[in-house]
(Lines of atoms letter the chains of each structure in order from A and count residues from 1; the text may use other names and numbers.)
(Lines give C-alpha, C1' and ligand atoms only; values in the text may rest on other atoms or scores of the structure.)
Protein backbone atom coordinates (compact mmCIF):
# COMPACT_ATOMS: atom_id res chain seq x y z
CA UNK A 1 0.00 0.00 0.00
CA UNK A 2 2.84 2.32 0.74
CA UNK A 3 4.34 1.83 -2.72
CA UNK A 4 1.00 2.40 -4.43
CA UNK A 5 0.46 5.53 -2.43
CA UNK A 6 3.82 6.88 -3.43
CA UNK A 7 3.18 6.17 -7.13
CA UNK A 8 -0.18 7.90 -6.98
CA UNK A 9 1.34 10.98 -5.42
CA UNK A 10 4.09 11.17 -8.09
CA UNK A 11 1.56 10.73 -10.91
CA UNK A 12 -0.69 13.40 -9.50
CA UNK A 13 2.23 15.77 -9.09
CA UNK A 14 3.32 15.18 -12.70
CA UNK A 15 -0.17 15.78 -14.01
CA UNK A 16 -0.55 18.98 -12.02
CA UNK A 17 2.85 20.29 -13.11
CA UNK A 18 2.29 19.57 -16.81
CA UNK A 19 -1.21 21.04 -16.77
CA UNK A 20 -0.12 24.21 -15.06
CA UNK A 21 3.02 24.80 -17.23
CA UNK A 22 2.40 27.58 -19.81
CA UNK A 23 3.11 27.20 -23.55
CA UNK A 24 6.19 29.25 -24.49
CA UNK A 25 5.62 32.26 -26.75
CA UNK A 26 7.11 32.68 -30.26
CA UNK A 27 10.46 34.44 -30.41
CA UNK A 28 12.08 37.04 -32.68
CA UNK A 29 8.77 38.37 -33.97
CA UNK A 30 9.36 40.78 -36.89
CA UNK A 31 7.42 42.68 -39.58
CA UNK A 32 8.49 42.40 -43.22
CA UNK A 33 7.14 44.94 -45.72
CA UNK A 34 8.45 44.85 -49.32
CA UNK A 35 6.81 46.61 -52.26
CA UNK A 36 3.67 47.47 -50.24
CA UNK A 37 3.24 44.00 -48.83
CA UNK A 38 2.88 43.23 -45.10
CA UNK A 39 4.09 39.93 -43.57
CA UNK A 40 4.59 38.95 -39.92
CA UNK A 41 7.35 36.42 -39.23
CA UNK A 42 8.66 34.71 -36.05
CA UNK A 43 10.80 31.85 -34.73
CA UNK A 44 9.52 28.88 -32.66
CA UNK A 45 10.18 28.82 -28.91
CA UNK A 46 13.81 27.86 -28.24
CA UNK A 47 13.14 26.13 -24.88
CA UNK A 48 11.52 23.11 -26.54
CA UNK A 49 12.87 20.53 -28.94
CA UNK A 50 11.04 18.35 -31.44
CA UNK A 51 7.77 20.01 -30.52
CA UNK A 52 5.42 21.15 -33.26
CA UNK A 53 3.42 24.24 -32.37
CA UNK A 54 0.54 25.91 -34.12
CA UNK A 55 0.25 29.68 -34.32
CA UNK A 56 -2.56 32.22 -34.54
CA UNK A 57 -1.98 35.76 -35.86
CA UNK A 58 -4.30 38.76 -35.61
CA UNK A 59 -4.44 42.43 -36.63
CA UNK A 60 -6.08 45.45 -35.04
CA UNK A 61 -7.19 48.44 -36.99
CA UNK A 62 -9.44 51.06 -35.35
CA UNK A 63 -10.99 49.11 -32.50
CA UNK A 64 -10.30 45.39 -31.93
CA UNK A 65 -8.16 42.48 -33.08
CA UNK A 66 -9.33 40.27 -35.93
CA UNK A 67 -7.81 36.86 -36.72
CA UNK A 68 -6.03 36.48 -40.04
CA UNK A 69 -4.09 33.20 -39.72
CA UNK A 70 -5.72 30.57 -37.44
CA UNK A 71 -3.86 27.60 -35.88
CA UNK A 72 -1.30 27.38 -38.68
CA UNK A 73 2.01 25.58 -38.42
CA UNK A 74 3.68 28.18 -40.66
CA UNK A 75 6.17 30.59 -39.09
CA UNK A 76 4.70 33.59 -40.98
CA UNK A 77 1.38 35.23 -41.76
CA UNK A 78 0.68 37.45 -44.79
CA UNK A 79 -1.52 40.47 -43.93
CA UNK A 80 -1.24 42.16 -47.35
CA UNK A 81 -4.79 41.50 -48.54
CA UNK A 82 -6.38 42.49 -45.23
CA UNK A 83 -4.75 45.91 -44.75
CA UNK A 84 -4.81 49.26 -46.51
CA UNK A 85 -1.66 51.01 -47.72
CA UNK A 86 -2.42 54.21 -45.82
CA UNK A 87 -3.91 52.57 -42.71
CA UNK A 88 -2.33 52.17 -39.25
CA UNK A 89 -2.30 48.67 -37.71
CA UNK A 90 -1.00 46.60 -34.82
CA UNK A 91 -0.18 42.89 -35.24
CA UNK A 92 0.21 40.02 -32.76
CA UNK A 93 0.90 36.23 -32.68
CA UNK A 94 0.76 33.37 -30.14
CA UNK A 95 1.76 29.71 -29.99
CA UNK A 96 -0.64 26.82 -29.37
CA UNK A 97 0.01 23.27 -28.08
CA UNK A 98 -2.51 20.61 -27.08
CA UNK A 99 -5.25 23.14 -26.61
CA UNK A 100 -3.08 25.43 -24.53
CA UNK A 101 -1.86 28.85 -25.74
CA UNK A 102 1.04 31.12 -25.03
CA UNK A 103 0.94 34.82 -24.33
CA UNK A 104 0.46 37.21 -27.23
CA UNK A 105 3.49 38.89 -28.76
CA UNK A 106 2.44 42.28 -30.14
CA UNK A 107 4.09 44.71 -32.54
CA UNK A 108 4.05 48.48 -32.43
CA UNK A 109 1.57 50.46 -34.53
CA UNK A 110 2.70 50.64 -38.14
CA UNK A 111 1.68 52.10 -41.53
CA UNK A 112 2.53 50.18 -44.69
CA UNK A 113 3.53 53.20 -46.79
CA UNK A 114 5.96 54.36 -44.11
CA UNK A 115 7.69 51.08 -43.28
CA UNK A 116 7.74 49.40 -46.66
CA UNK A 117 10.94 48.83 -48.58
CA UNK A 118 11.28 49.00 -52.35
CA UNK A 119 13.12 46.35 -54.29
CA UNK A 120 15.69 47.10 -56.98
CA UNK A 121 14.57 48.66 -60.26
CA UNK A 122 15.22 47.03 -63.61
CA UNK A 123 17.88 48.82 -65.67
CA UNK A 124 18.37 48.69 -69.44
CA UNK A 125 21.17 50.34 -71.43
CA UNK A 126 21.50 51.32 -75.07
CA UNK A 127 24.07 53.42 -76.89
CA UNK A 128 23.73 55.35 -80.14
CA UNK A 129 25.84 58.06 -81.79
CA UNK A 130 28.16 58.42 -78.84
CA UNK A 131 25.39 58.68 -76.22
CA UNK A 132 24.31 56.05 -73.70
CA UNK A 133 20.72 56.08 -72.44
CA UNK A 134 19.56 54.47 -69.20
CA UNK A 135 16.04 53.02 -69.21
CA UNK A 136 14.71 52.47 -65.65
CA UNK A 137 11.64 50.35 -64.85
CA UNK A 138 10.05 50.51 -61.38
CA UNK A 139 9.58 47.18 -59.59
CA UNK A 140 6.01 45.81 -59.43
CA UNK A 141 4.11 46.57 -56.23
CA UNK A 142 1.86 44.25 -54.25
CA UNK A 143 -0.72 47.05 -54.16
CA UNK A 144 -1.08 49.92 -56.67
CA UNK A 145 1.90 51.41 -58.45
CA UNK A 146 4.93 53.04 -56.94
CA UNK A 147 4.05 56.51 -58.22
CA UNK A 148 0.46 56.14 -56.99
CA UNK A 149 1.71 55.73 -53.43
CA UNK A 150 4.56 58.23 -53.41
CA UNK A 151 3.93 61.59 -55.03
CA UNK A 152 7.64 62.22 -55.51
CA UNK A 153 10.33 59.71 -56.42
CA UNK A 154 13.67 60.12 -58.14
CA UNK A 155 16.51 57.93 -59.33
CA UNK A 156 20.07 57.88 -58.05
CA UNK A 157 22.38 56.79 -60.88
CA UNK A 158 26.00 55.83 -60.35
CA UNK A 159 28.17 55.31 -63.44
CA UNK A 160 31.88 54.73 -63.88
CA UNK A 161 34.46 53.39 -66.29
CA UNK A 162 34.76 49.66 -66.00
CA UNK A 163 37.82 48.74 -63.94
CA UNK A 164 37.96 52.11 -62.11
CA UNK A 165 36.72 52.89 -58.61
CA UNK A 166 35.82 56.56 -59.13
CA UNK A 167 32.04 56.88 -59.61
CA UNK A 168 29.96 59.78 -60.87
CA UNK A 169 26.54 60.47 -59.38
CA UNK A 170 23.43 61.68 -61.12
CA UNK A 171 19.90 62.26 -59.71
CA UNK A 172 16.98 62.49 -62.11
CA UNK A 173 13.19 62.28 -61.88
CA UNK A 174 12.74 60.83 -65.38
CA UNK A 175 13.06 57.11 -65.92
CA UNK A 176 14.95 57.67 -69.18
CA UNK A 177 18.25 59.45 -68.74
CA UNK A 178 21.12 60.19 -71.13
CA UNK A 179 24.44 59.97 -69.33
CA UNK A 180 26.55 63.12 -69.79
CA UNK A 181 30.24 63.48 -70.60
CA UNK A 182 30.87 59.93 -71.79
CA UNK A 183 33.90 59.12 -73.89
CA UNK A 184 33.35 57.19 -77.13
CA UNK A 185 34.33 53.53 -77.33
CA UNK A 186 34.72 53.26 -73.53
CA UNK A 187 33.01 50.59 -71.41
CA UNK A 188 30.84 52.10 -68.64
CA UNK A 189 29.01 50.43 -65.75
CA UNK A 190 25.73 51.68 -64.20
CA UNK A 191 23.94 51.08 -60.90
CA UNK A 192 20.56 52.64 -59.98
CA UNK A 193 18.55 53.17 -56.79
CA UNK A 194 15.08 54.64 -56.25
CA UNK A 195 14.80 57.55 -53.80
CA UNK A 196 11.54 57.92 -51.83
CA UNK A 197 10.61 59.33 -48.39
CA UNK A 198 14.25 60.14 -47.67
CA UNK A 199 15.03 56.46 -48.17
CA UNK A 200 16.50 54.47 -51.01
CA UNK A 201 15.50 51.21 -52.61
CA UNK A 202 17.65 48.19 -53.08
CA UNK A 203 20.44 48.68 -55.62
CA UNK A 204 20.02 47.32 -59.11
CA UNK A 205 22.40 44.85 -60.65
CA UNK A 206 25.54 46.41 -62.11
CA UNK A 207 25.07 46.69 -65.88
CA UNK A 208 27.92 47.55 -68.29
CA UNK A 209 27.93 48.71 -71.91
CA UNK A 210 30.49 50.13 -74.34
CA UNK A 211 29.62 53.63 -75.50
CA UNK A 212 29.41 53.99 -79.28
CA UNK A 213 31.56 56.30 -81.36
CA UNK A 214 30.38 59.86 -81.78
CA UNK A 215 29.57 61.12 -85.28
CA UNK A 216 28.47 64.56 -84.26
CA UNK A 217 29.46 67.48 -86.51
CA UNK A 218 31.45 70.29 -84.94
CA UNK A 219 29.52 73.50 -84.36
CA UNK A 220 31.93 75.62 -86.41
CA UNK A 221 31.53 73.28 -89.38
CA UNK A 222 27.75 73.60 -89.16
CA UNK A 223 28.11 77.40 -89.17
CA UNK A 224 30.35 77.31 -92.27
CA UNK A 225 27.93 75.05 -94.13
CA UNK A 226 25.01 77.34 -93.30
CA UNK A 227 26.95 80.42 -94.43
CA UNK A 228 27.99 78.85 -97.74
CA UNK A 229 24.43 77.67 -98.36
CA UNK A 230 23.13 81.20 -97.73
CA UNK A 231 25.65 82.71 -100.16
CA UNK A 232 24.81 80.18 -102.87
CA UNK A 233 21.10 80.90 -102.52
CA UNK A 234 21.72 84.66 -102.59
CA UNK A 235 23.87 84.52 -105.75
CA UNK A 236 21.32 82.27 -107.44
CA UNK A 237 18.48 84.68 -106.67
CA UNK A 238 20.49 87.67 -107.98
CA UNK A 239 21.38 85.89 -111.23
CA UNK A 240 17.79 84.85 -111.82
CA UNK A 241 16.65 88.44 -111.17
CA UNK A 242 19.19 89.89 -113.65
CA UNK A 243 18.28 87.30 -116.27
CA UNK A 244 14.59 88.06 -115.98
CA UNK A 245 15.24 91.83 -116.09
CA UNK A 246 17.31 91.62 -119.31
CA UNK A 247 14.76 89.34 -120.91
CA UNK A 248 11.98 91.78 -120.03
CA UNK A 249 13.89 94.74 -121.54
CA UNK A 250 14.61 92.77 -124.74
CA UNK A 251 10.95 91.88 -125.06
CA UNK A 252 9.92 95.54 -124.69
CA UNK A 253 12.53 96.68 -127.26
CA UNK A 254 11.41 94.06 -129.76
CA UNK A 255 7.80 95.08 -129.31
CA UNK A 256 8.71 98.74 -129.92
CA UNK A 257 10.66 97.88 -133.06
CA UNK A 258 7.85 95.79 -134.44
CA UNK A 259 5.31 98.56 -133.82
CA UNK A 260 7.31 101.22 -135.83
CA UNK A 261 5.49 102.56 -138.98
CA UNK A 262 6.38 100.80 -142.25
CA UNK A 263 7.98 102.96 -144.95
CA UNK A 264 5.62 103.30 -147.93
CA UNK A 265 6.76 103.30 -151.55
CA UNK A 266 4.71 104.89 -154.33
CA UNK A 267 4.78 105.27 -158.09
CA UNK A 268 4.04 108.38 -160.10
CA UNK A 269 1.44 108.22 -162.81
CA UNK A 270 1.43 111.03 -165.45
CA UNK A 271 -1.30 111.43 -168.06
CA UNK A 272 -0.46 113.63 -171.08
CA UNK A 273 -2.94 114.90 -173.70
CA UNK A 274 -1.51 115.33 -177.24
CA UNK A 275 -3.25 117.40 -179.91
CA UNK A 276 -3.28 115.93 -183.35
CA UNK A 277 -0.80 117.40 -185.84
CA UNK A 278 0.90 119.30 -183.12
CA UNK A 279 4.62 119.57 -182.92
CA UNK A 280 4.73 119.89 -179.14
CA UNK A 281 3.05 118.02 -176.39
CA UNK A 282 1.04 120.13 -174.05
CA UNK A 283 0.19 118.54 -170.74
CA UNK A 284 -3.47 118.68 -170.00
CA UNK A 285 -3.34 117.40 -166.39
CA UNK A 286 -0.94 115.66 -164.08
CA UNK A 287 -2.12 113.50 -161.19
CA UNK A 288 0.06 111.75 -158.68
CA UNK A 289 -1.30 108.83 -156.71
CA UNK A 290 0.14 106.45 -154.18
CA UNK A 291 -0.08 102.99 -155.55
CA UNK A 292 -0.48 100.35 -152.84
CA UNK A 293 0.96 97.66 -155.03
CA UNK A 294 4.36 99.31 -154.96
CA UNK A 295 4.72 99.17 -151.12
CA UNK A 296 7.64 97.04 -149.98
CA UNK A 297 9.11 96.71 -153.50
CA UNK A 298 12.60 97.84 -154.27
CA UNK A 299 11.98 100.40 -157.02
CA UNK A 300 14.95 102.09 -158.57
CA UNK A 301 14.17 105.31 -160.25
CA UNK A 302 16.53 105.83 -163.13
CA UNK A 303 16.33 108.89 -165.32
CA UNK A 304 17.72 106.89 -168.23
CA UNK A 305 15.08 104.11 -168.09
CA UNK A 306 11.50 105.12 -168.87
CA UNK A 307 8.45 103.27 -169.86
CA UNK A 308 6.01 105.09 -172.11
CA UNK A 309 2.58 104.06 -173.06
CA UNK A 310 0.63 105.93 -175.78
CA UNK A 311 -3.07 105.51 -175.77
CA UNK A 312 -4.93 106.68 -178.94
CA UNK A 313 -8.69 107.11 -179.03
CA UNK A 314 -11.04 107.22 -182.04
CA UNK A 315 -12.21 110.61 -181.06
CA UNK A 316 -8.98 112.17 -182.37
CA UNK A 317 -7.88 113.05 -178.85
CA UNK A 318 -5.11 110.63 -178.14
CA UNK A 319 -3.69 110.32 -174.76
CA UNK A 320 -0.10 109.66 -173.92
CA UNK A 321 0.57 107.74 -170.76
CA UNK A 322 3.99 107.47 -169.40
CA UNK A 323 4.91 105.58 -166.26
CA UNK A 324 8.17 106.03 -164.66
CA UNK A 325 9.23 103.40 -162.31
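Every residue number used here counts from 1 along the chain in the order it is shown.
Quick reminder: no glycine exception, Cβ is built from N, Cα and C everywhere.
Of the given residue ranges 220-244, 245-269, 270-294, TrEMBL assigns the label transmembrane segment to 220-244.
Confidence over the domain 'Fibronectin type-III' (25-115), given as mean pLDDT on the 0 to 100 scale, stands at 94.
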